[in-house]
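Mind having a look at this structure? Questions to follow.
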Amino acid sequence: MCGIVAVTGYKKALPILINGLEKLEYRGYDSSGIAIINSETNSITCNKAEGKLKNLISNLNDQNIPGTVGIGHTRWATHGKPELKNAHPHTDSAGTIAVVQNGIIENFQDLKNKLEKEGISFNSDTDTEVIPHLIERELNTLSKLNLENNGSTLLVAVRNVISDLEGSYALAVLWAEAPTSLVVARRQAPLIIGLGEGEFICASDTPAIANFTNIILPMEDEEIALLTPLGIEIYDSNNERQYRNPVSLKVSEQIMDKMNFKHYMLKEIYDQPGTAKNWLENYLIKNLENGQYQIKYPFDTKFLKSIERIEIIACGTSKHAAMVGSFLLEQFAGIPANVFYASEFRYSPPPLLPNTLTIGVTQSGETADTIAALDMEIKRRSSIDDKKFKPNLIAITNRKESSIGRQIPNIIDICAGIEVGVAATKTFFAQLLSFYGLAIKFAHIKCSRSSNEIDKLITELLKLPPIIEDLLEKHNKSSEKLAHDFFNIKDVIFLGRGINYPIALEGALKLKEISYIHAAGYPAGEMKHGPIALLDKKVPVISIASSGEVFDKVISNAQEAKARNSYLIGIAPEINGTEIFDYLMQIPSSNEWISPLLNIIPLQLLSYHIAAHRGLDVDQPRNLAKSVTVE
Ligand code: M6R
């Protein structure tokens with residue numbers, strides 16, 4: 001959601017903060033700000049701007065703020081509109097304490113009311129602003145105990161304050177009286193400390209750290225830390241000092257390079273042949289004795305034998321990948337599987353059933369709804385004294401070091417490399433692949449498919465990289481041309497059936513997210529039950545018609561749209577029946593199981609080109625953020 005970066009050391013803080021914020025802007029871009037302890041005046045210099053980070057940079061243009069300790073923030077608005085007054089950092093009344101926060105302080109209104117009664121006036125509508133005022137009050141109390149004005153005292157004050165906060169947060173605090181110290185804390189929102197030589201940087205995500213160091217220490221939930229150039233002290237929620245070894249950042253977590261592409265999203269769409277290759281090399285392993293391929297996930301999969309049903313929890317695009325996954329697990333591998341919106345699961349979970357596998361899917365590994373739903377499921381299963389009900393868990397993520405990576409022991413790292421564009425593309429593709437892997441594994445374990453059928457699917461997967469390359473080659477220009485004709489439309493309907501119904505949903509989500517055109521995906525057979533009322537010549541219909549089980553049905557449903565004058569775009573192979581389409585985005589004929597992996601490519605390209613043609617900020621669409629760490 002919001003991005004936080006904080007630094008203490010010997011180098012000038014301003015460029016480090018700006019560089020960090022540039023790398024975190026995908027987390028929110030409603031406003032940004034920095035606060036630095038000015039080493040000449042020993043006071044805090046704050047600078048903020050509404051809108052994109054470039055506005056802050058232009059504000060700061062001629063300023064040379066001396067100081068080596070500072071905090072920065074890029075905001076995704078929750079409490080209070082995206083206006084200057086709500087931009088972080090927020091300060092206490094005297095301007096000697098500055099705070100940046102990512103999360104939601106659920107009891108802020110009660111706290112604010114109390115502070116207002118004590119005579120404190122507020123300058124913003126945010127939940128965050130209570131924090132510097134509470135810290136100020138706490139420091140005043142501590143000063144009566146004759147504690148020194150230093151980082152340790154700030155640490156005590158922040159610890160006392162966060163014990164009164166409800167909700168989830170990651171925060172960083174500066175105090176002018178402790179000019180080399182930084183205090184950072186987290187609860188259910190990510191924070192990672194980067195270890196430089198005699199300097200430390202703390203941020204919500206690794207890209208902000210990568211230019212600085214590749215040695216990191218992810219903070220655990222409910223931890224608080226004091227950072228000075230001399231070292232770091234980390235404490236858990238029981239105030240026990242924590243000692244653990246740092247880890248190295250993976251190379252893929254360090255690279256953010258648009259290369260020659262106009263937008264990250266287009267580059268990431270083009271990354272997909274490489275994503276497929278990488279995934280296949282990592283997880284599809286040839287048995288040298290019998291020459292057969294096997295799926296090898298990096299954890300002991302013996303426990304899968306006892307699994308009788310699967311629940312999958314996810315949000316947004318990850319949920320669409322989960323829906324394809326559930327189709328494969330049920331229809332290919334024969335295991336009952338259900339998909340849940342994480343935000344719904346949490347408050348209306350299904351009754352507990354034995355021998356269930358719970359799969360969490362999240363590219364960022366930080367989505368609050370998903371993490372909380374999984375947490376709830378782990379707790380309710382662990383509280384039952386019957387091993388049939390114990391939690392069996394797998395996470396599918398692109399960020400092994402994230403919150404889900406710490407929450408769940410069995411991780412399928414989708415290995416897609418960092419995805420910067422807010423609209424998920426290559427991570428969706430790699431999530432799909434991970435479900436193909438699971439379906440193959442289950443089909444094998446449960447003997448629900450013959451070796452021949454399994455081998456056939458594996459052979460199709462192995463052929464993917466060049467096929468995806470060809471699809472990109474074929475459809476980039478054609479979708480750019482199509483976008484030229486369609487960039488001004490108001491509504492689009494996406495239809496798909498069976499394994500491609502989630503692809504229709506994902507096509508519609510991609511278009512909505514980045515072009516702001518209203519789009520809706522439906523199971524093709526459902527259109528006649530209502531959505532057909534929307535159709536006329538101004539509403540194009542994009543129909544996914546892969547050869548196989550439901551091809552004829554999808555074509556009949558497309559006929560129904562044609563009869564209502566809709567312009568029909570087909571995502572289909574060039575075979576009998578597809579002449580009905582006014583425009584065919586041709587897909588090579590393939591095995592139906594594999595078709596989602598092909599059909600998604602032209603849909604991603606079309607959304608991209610429509611949004612780019614409309615002159616929109618494709619990589620940072622309005623109101624969105626790459627990782628949604630609030631409920
Ligand atoms: O990080 P996650 O996969 O958990 O994110 C879930 C959704 O927020 C995400 O897929 C969202 O829908 C994207 N903007 C999709 O492009």
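All residue numbers here begin at 1 and follow the chain in the order shown.
The backbone N, Cα and C atoms fix where each Cβ goes, and this holds for glycine too.
Per TrEMBL, domain 'Glutamine amidotransferase type-2' is recorded for 2-230. Residues or ranges marked as active site, nucleophile by TrEMBL: C2. The feature domain 'SIS' is assigned by TrEMBL to 299-448, 482-621. Annotated active site, for Fru-6P isomerization activity per TrEMBL: K626, in sequence order.
Describe the structural context of these features.
The Cβ of C2 (active site, nucleophile) lies under 8 Å from the Cβ of R27, G28, H73, T74, R75, W76, H88, V100, Q101, N102, G103, S204, A625, each on the same chain and at least six residues away in sequence.
Looking just at the domain 'SIS' (482-621), the mean pLDDT is 94.
The C-beta environment of K626 (active site, for Fru-6P isomerization activity), restricted to residues of the same chain at least 6 apart in sequence and closer than 8 Å, consists of Y26, R27, S364, E419, V420, V422.
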Reported in the order helix, strand, coil, what are the DSSP residue counts of the domain 'SIS' (482-621)?
70 helix, 25 strand, 45 coil
